[in-house]
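Summarising the annotation, TrEMBL assigns coiled coil to 405-436. For 49-66, the entry in TrEMBL reads compositional bias 'Acidic residues'. Under the heading domain 'J', TrEMBL lists 85-158. Annotation comment: TrEMBL describes 545-599 as domain 'Myb-like'. What TrEMBL records for 552-603 is domain 'HTH myb-type'. Residues annotated as domain 'SANT' in TrEMBL: 553-603. The region 'Disordered' feature in TrEMBL is assigned to 46-66, 282-309.
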Amino acid sequence: MLLEALDGDETVVFTAAAASVQVQVEPVGRWFEAYVKRRNRNASASFQELEEEEVSSEESEDEEFQLEEYPMLRTLDPKDWKNQDHYSVLGLPHLRYKATQKQIKAAHKAIVLKHHPDKRKAAGEQIVEGDNDYFTCITKAIETLSDPVKRRAFDSVDPTFDNAVPSKSEGKENFYEVFSPVFERNARWSSKKHIPKLGTIESSFEEVDNFYSFWYNFDSWREFSYLDEEEKEKAECRDERRWIEKQNRASRAQRKKEEMNRIRTLVDTAYSCDPRIKKFKDDEKARKESEKKAKAEAKKREQEERERARQAELEVARLAKEKEEEEAKQAAQQAKKEKEIQKKAIKKERQKLRTTCKNWNYFADNEADSVKMMEEVEKLCDRLELTSLQSLNEILASGSKEDSKTAVDKQVQEVNAQLQREREAEVQARQAARSADQASGGGGAGGKGWNEDDLQLLIKAVNLFPAGTNARWEVIANYMNLHSTSGMKRTAKDVINKAKNLQRLDPLQKDQINKKAFEKFKKEHTSVPPSIDNAVPSERFDASGSDGNAAPWTTEEQKLLEQALKTYPVSTPERWEKIAAAVPGRSKKDCMKRYKELVEMVKAKKAAQEQVAAKSKK
């Protein structure tokens, strides 16, 4: 700092001041430590004030410090010093773990001055020699409480500490009065300094959650080395010392586990009895119910909105459909009217054409030509359209007979030429279809591998095994393989292809095949083969009735026969005469032959089905 100039003098700076430089200084030292402590405790006192406060507090404690004489001190057994209460021995039962080292030393000093063997001996008291004097208990107490590690071990098993856990019945009646002192009592074992309080009924959810989170994750410093049954210092060798350490570690771990289970039981019991938890759960349940209800209402509104939109769309679609139907209906009515008008016009033009040709006598000189021309005119009426008919009638109305005949002949030639082209196209289409069938291996009656007998047998099998038969086409194929004379083995696929080809045949070919089949059936059933051994034919199949009715059975006759067979069983006398009387137009022999054919057909059908079933099982 520059000195102040005197009167009449001036201050002169001979060198320029250096620029300021920022230097980073690391905070260390006791003053910084005091600052950190004040900041953590939100205090503003200086370090000196803190030291003075600490000293003053210790002095006040010393002033208030009082010893409580232990009445059982003289009766203690020095050999059982480990089970004694060291705080009571030193006269500090009221302070216990809260006693400071200074108080412990002061108490020890006072106890020694009073109970030291030399003092008692000087007072004329008889002293026990060696370590058997009760003063040894005082020595063990100060050794334990003056060592922080040993004192911590003894405090962990403090005999005056209450380890009891309240029951649920006790906690439900007076929750806060019962559990608050228990948690405060067990808080002394916490490794952390700031311990949350149990709180009151007005505590918030965050405070309650913080409390139970702390205790469910409780970190206890309590350990049980003081209760070790074996002392490793007494071991005679290293192996024995290791064994003792192992036993002690196991017993400590077991007691630590029991302690943590006790704390957990305490927290669980408090949690189950806490009325705030029930309140929070009820609030949460009500909140979820309200959210669920709101969500359901929102979903319901959304569904209703969608339903309204859908109904609106349906209404729009319905109106559009009704409009389209109305337009279509009007268009159909208009088309119908136009069609009726056109139909009347065509009818009028046809009648006009017929009348004109009739007036000209159909442009013929004789009756035969007239009839022929009449047919041609009818053909024109059927084939020509309205415009063509109108043009032709105009020519006939304005022209002469020769011109009219020429116009009619011209139209007839054009119509006949068109009909001829249509027939040729149809024939070509049939031939192409027939060629395609033959190329695929499934030709008509003369196709490769299929003769007329096989075709007739296929038609019979298709009628014998109608639609609905189990494995129908396999049954038909087996039936044909059993009864075919060509020796060709047919599969279900071959039978299906041929049946489809037969359906595509024109009616003339079908009629020819059916006619041949009927002729063959008639031939086989009207002729009786000669007997080999010249045996006399039986009455049932004699040749006297060969001239009977050989016509095929109709559906009505078949129904009458089946009903008669049911009406007259085998035990009925003169059964076949009664059956023949029930079927008009049929003799006894006809009925018996028909019955035999039906029996053979049923047997063949069963055999084919059994064969298919056997193959499917394999």
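Cβ coordinates are placed from backbone N, Cα and C, and glycine is handled just like the others.
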Same-chain residues at least 6 beyond the ends of the coiled coil (405-436) with a Cβ under 8 Å from one of its Cβ atoms are 357, 360, 363, 373, 376-377, 379-380, 383-384, 388, 392, 395-396, 399, 443-444, 504, 506
Where DSSP helix means H, G or I and strand means E or B, what are the helix, strand and coil counts for the domain 'J' (85-158)?
52 helix, 0 strand, 22 coil
Treating G and I as helix alongside H, and B as strand alongside E, what does DSSP give for the domain 'Myb-like' (545-599) in helix, strand and coil?
34 helix, 0 strand, 21 coil
